[in-house]
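Asks: Sharing a structure here in structure tokens format.
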Amino acid sequence: MGSCLSEKRQQSGASALLESLNMERVRTILAHPYPYPHEHSRHAVIAVVVGCFFFISSDNMHTLIHKLDTSVKWWSMYVGWILVAAVYHLPSFQSMGVDMRMNLSLFMTIYVSSILFLLVFHLIFLGLWYIGLVSRVAGKRPEFLTIFQNCAVLSIACCVFYNHCGNRAIMGDKTFKRRNSSWFKLWDKEERNTWIAQFIRMNELKDQVCSSWFAPVGSASDYPLLSKWVIYGEIACNGPCPGSSDGISPIYSLWATFIGLYIANYVVERSTGWALTHPLPEKEYEKLKKKQMKPDFLDMVPWYSGTSADLFKTVFDLLVSVTVFVGRFDMRMMQAAMSRVQDGSKQDDLLYDHFGERDDLWFDFMADTGDGGNSSYSVARLLAQPSLRVQSDSSVLNLPRANLLIIGGDLAYPNPSAFTYKRRFFRPFEYALQPPTWYKDEHIAVNKPELPSGISTLKEYDGPQCFVIPGNHDWFDGLQTFMRYICHKSWLGGWFMPQKKSYFAMQLPQRWWIFGLDLALHGDIDVYQFKFFSELIMNKVGDNDSVIIVTHEPSWLLDWYWNDVTGKNVSHLIREFLKGRCKLRVAGDLHHYMRHSCIPSDKTTYVQHLLVNGCGGAFLHPTHVFSNFNKLYGTSYECKAAYPSCEDSSRIALGNILKFRKKNWQFDFIGGIIYFVLAFSMFPQCKLDHLFKDDTFTGHLKSFFSTVWDTFIYMLGHSYVSLVGALLLLAAAIAFVPSKVSRKRRAIIGFLHVSSHLAAAIVLMMLLEVGVETCIRHKLLATSVESEHFPDPTGLRARIEQWTFGLYPACIKYLMSAFDVPEVMAVTRNDMCTNGADTFPRVGAFIYYASVFLYFWFFSTPVVSLIFGSYLYICINWLHLHFDEAFSSLRIANYKAFTRFHIKETGDLEVFTLAVDKVPKDWKLDPDWDGELRQPQQPNHLREFPSKWTAASIQQDPVSTVRIVDHFVIKQTDKLDLKPTNNQTS
């Protein structure tokens, strides 16, 4: 019986406590009813002291901002603005004693005043320099960004001081007497226990700090010349204070101290020519400067950026190329017309045989470079090394630098232009192996090959050479940039380029040939190329010779994936003219490494090995999507190597869920706007009373989703803007699905994709409306219809109003109104619901939707990225769709590789594929490169350390981490045999 009574008493007490703690009571209890500053303030006064040190040198603040900008984007200020404006209305935030509007008002006042004061000072100082009263060093113009940054720190310091100490000018009936030795007695043994006790009693310590360390400097009568320009403080005394304050405000004195510190430092630096720092000797300064040098690499291309002008230009160039050039004008036709010799088998601008008389030859293949600077330079650095030491099973191999480099297209992303070719393609190779000192970048090669002095023929030149075929990205401008920078330039860094046309044939030692084909945007060679190569095969290529065909696109994989047939001219050339002499097909375009080798059978084998290596620097492509390829020209193939492995490729795809927004934060611009269009017509939701009537969580949840469904039905019948936006998005989603699937499946996939986005947009809209309605019901928002008069804690407004003839207070009023976005949104929402959306003024409606957009965009961007990333993950791993879109979103710079070939004296072709799993992000000047002695006329390819930059960590340098991921040998043909034997490949 007693236990039952006690339980009832506990229940009644708990219910009474819950009833008493309603939102109104919580707001009343936690809001501070007494004058500012709040007694619970715990702001560290040391922030003011730290702020002073930023003014020791003007470079400190710039360095801090630069470091922050590398990891925090400037748009984060927008996020901070709307979050602070929302958090301000929470009672728990007000309980900390921070009046955000008061602080912002004070900050703006001091900030603008400081900027104006310093600008006037700089104008006066420049005038003194102009008439010759100060040193000529003062003639250097100050950076406005530095002035703004210093003024911001100064203003924040004053606000922190005001939060902690207030604006008291005179301390009446001081509790703690001022002592001359107060700075040192804190550390006396006798006073240590007292100081610790005072530290525990924070309020008393705060008063002592404010009264002793940051006390006012005096009264205005002590400075008669400044009596009209100072700001007075408040009188703090017990009981009524007679008269007005004559004491200078401590905030004003703190501001004047900071301004004086800045002016003194600036005058000393500019008038005397030396800074307030210890100067370094010249040699040490140069050494430190070299240590701080960094390469100016560009980041990976943001393919999902909604603000990139390069991507819009790429789309435009592609449309123009497809519309104008394909089937109408072909640069390859012009190249054929410009050839000086009609007989294709004798054209010296297409056929190169200067390597043919050598006993053996090393040559490299890479493709799809010119994306991220780190990845492109990592591969270029490996290509430039005099030799590479790699582990092969139980032995260590020393692979010398190749005499020849073949690049398989897509030289720069996202579109071919002078900027992308120079910065994304040429720059990494020039850092890896510098061009000759006498070579000028603006030089145009008219009569190629332009050999170095003292060399008369290509056979005599022993340096590395480079030949390039164009890719689809190089054709976006009709091959104009490729012709200008490849066919009319002689050097790619330290690689000599004798190439004259976009396709070529090359005779190699031991009866090996390379055919470099230009597929353009057609995916096939044109008639003139076919004529040249077919006649070359009939007249030059022997029956027992071996041919390597290099193309940009791996048609065997892409045709299998898209269930299509392309490259009919190439297939005809291989099957009807080479007739089994094509030992190897090499291509790029897909940014991974895969090798398929033929399975021995009784059927005719036209190509023995199919090799794809597009790991030259661009983003990674998946391998698991193409793992089921197994047949070409009626011959069966099996996958011998894949890099990364199919298991790793499938695992990497999970990053679309976890990292899509981190990698593609610029996608927020488009995603947030799309969601706002979908939910635009459904704002505001004025009838939400039924959501607050249920007492259980399940009831609330049921009512909420019921309202969501009713809103969706309302959108279909009345919300025309949202309905049109949803239909347009549906059409775009269906078109976005790859065409390899049937129309029915494309419609289903697109419908499910759009449905998830539409449902998320409506749910977010309802959550935002419920949140605003909850705050209004508990009087946290919409407490006043008119703009509130924001506080003026230090009396600055009256004085500045006098100085600016009344203009400044009006600006502060509008700026402060713009700061409190939640209040504006709630007030206009109430007016719209009361008066009706149809009769509401357009200006008011614009203000409401603008304030709603600021918060709805912020909340919707993570959701749209999560849903879109999940869509890509499901498609790539479950349906094997979007292999390009799902991995370009990840912008993976790792897993880079190239293939090194060696034609032995026996005629066999040994193939090594070298890869780097992790690409360095930080580089430094290579001390070996910098310290190596160089002869004036010595070619750079003879240097022991040819590359300028090395990884900041030696363990991550590509030269140290490179490894072999595939190794095989192709036997030379002794006699014509279309049926390969088992010992042809090892």
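Heads up, the Cβ atoms here are built off N, Cα and C, so glycines get one too.
What TrEMBL lists as domain 'Calcineurin-like phosphoesterase' is 366-567. Taken from TrEMBL, the feature transmembrane segment covers 44-62, 74-93, 105-132, 144-162, 665-683, 712-736, 748-768, 846-874.
Show me how these features fit into the shown structure, please.
Replies: Using a Cβ-Cβ cut-off under 8 Å and counting only residues 6 or more beyond its ends in the same chain, the transmembrane segment (712-736) has close neighbours at 674, 677-682, 746-747, 749-751, 753-754, 757-759, 762.
Remote same-chain partners of the transmembrane segment (748-768), defined as residues 6 or more beyond its termini with a Cβ less than 8 Å from a stretch Cβ, comprise 674-675, 678-679, 682-683, 685, 704, 707-708, 711-712, 715, 726, 729-730, 733-737, 741, 852, 855-856, 859-860, 863-864, 867-868, 871, 875, 879, 881.
Taking Cβ pairs closer than 8 Å, the transmembrane segment (846-874) reaches residues 79, 82, 86, 653-654, 656-661, 664, 667-668, 671-676, 679-680, 683-684, 753, 756-757, 760-761, 764-765, 767-768, 821-822, 824-825, 828-829, 832, 882, 885-886, 889 in its own chain, all 6 or more past its ends.
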Asks: Given the model, what does the mean pLDDT over the domain 'Calcineurin-like phosphoesterase' (366-567) come out as?
Replies: 93
